[in-house]
């Protein structure tokens, strides 16, 4: 079976016709499609979705003459339908399916006389076609080649590197404030009340990875229920994260510090408005999350805030914990992408299935940065209209970058660890995209990011003869003085 993705280009019959593209699946062994619209022939579409066309008596005589015909998927084979449609004068056959599009296959040797193009299309797309373009529609089929590189990857790269670099820098700023508070008993208690950091130990690292594994497996089997739990958690966590990020910026602005007192507590008015704004942003995303034209911008904004807050809040105590966390999550990523296809019944990767939404579920997990693909191809219509990068591919290496930044602060090492690790992360991202372009399949980004960042950090520590301190962490920082 050589099933390939293609495009149905539909055009309305008005003076300034409206056009729209839809995904199709066809079998390239049965015949090829033009590569561009320039070589494609348009046909008037005849909607016969009231029939399955398993018998020529199901349709009136002459209704298919020189037209593109769409019928419903039924009990007879695709090529049986095609032979009937061809005998009645049709020039193109579309088979509408209410279920997920799958490979179309029949024994072509029994139907050598069938020459008209045959393609599978979603029934919902036929309904949409009538709503958008009207009842008089002209259609054609073509299959443009896949682009070698999609420039949406550049946007993904910039977002990822920016988030990791800023998250690491923010963590270093917080560390510097902590160290200054050590030398001032008056500030120590105030700083302790503000401190919201959580420190990962090797034990909690292992527990965290186990929880990730269990959660992914549960999502695979119970996706249609748990996806709404994840959406709810994302709304709450991203709203809080956006508030923390913007509050840190607002705190540096010396104007507009009016306060109100309520329940014996004093709060800045601008922070109340900020909280309302952040909650509203999360609610708007939740309501319009399936609006592909602009909701991705809001999701990415909330996602970047979530990653920044996570990197700043979660502290790795030493390089040892970083190695354990990144190493285990690397194995986790590789196992659920490359190994699970040998275990699952349908031969699909658990990680890919969960990311795409198992069984064609329309709800997607909001745990990715997504950017619309800029290069037009059938793949953008059929499978992935967006380029994706998981939050974990930002947060996990970002925790190491943050540790490097805090180590720089503790040892006054002129940001050498931080800059080196950030550059290593950027190199790892470029390597990921290169492999993605060459292999034409989804890649576990941590497979490239983890070695790049860990090896670079280790080499810097070894070159500076600080590996022992870098490995054990900040137990020596108590004597730090401003």
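Using the three backbone atoms N, Cα and C, a Cβ is placed for every residue, glycine included.
Between the listed ranges 271-288, 361-378, TrEMBL ties the annotation transmembrane segment to 271-288.
Given the ranges 176-196, 323-343, the record in TrEMBL names 323-343 as transmembrane segment. The transmembrane segment annotation in TrEMBL falls on one of the ranges 131-150, 151-170, namely 151-170. With respect to Cβ pairs under 8 Å, the transmembrane segment (384-404) is most closely packed against 151-170, considering the stretches 151-170, 271-288, 294-311, 445-462. Of the recorded ranges 151-170, 228-250, 271-288, 416-439, 445-462, the transmembrane segment (294-311) has the largest number of C-beta contacts under 8 angstroms with 228-250. Panel annotation: around the transmembrane segment (271-288), residues 231, 235-236, 238-240, 242-243, 246-247, 250, 260, 294-295, 298-299, 301-302, 366 of the same chain, lying at least six beyond its termini, place a Cβ under 8 Å from a Cβ of the stretch. Scored on C-beta pairs under 8 angstroms, the neighbour of the transmembrane segment (151-170) with the top count among 198-222, 323-343, 416-439, 445-462 is 416-439. Contacts between the transmembrane segment (445-462) and the transmembrane segment (323-343): present, as 3 or more C-beta pairs lie under 8 angstroms, all at sequence separation of six or more.
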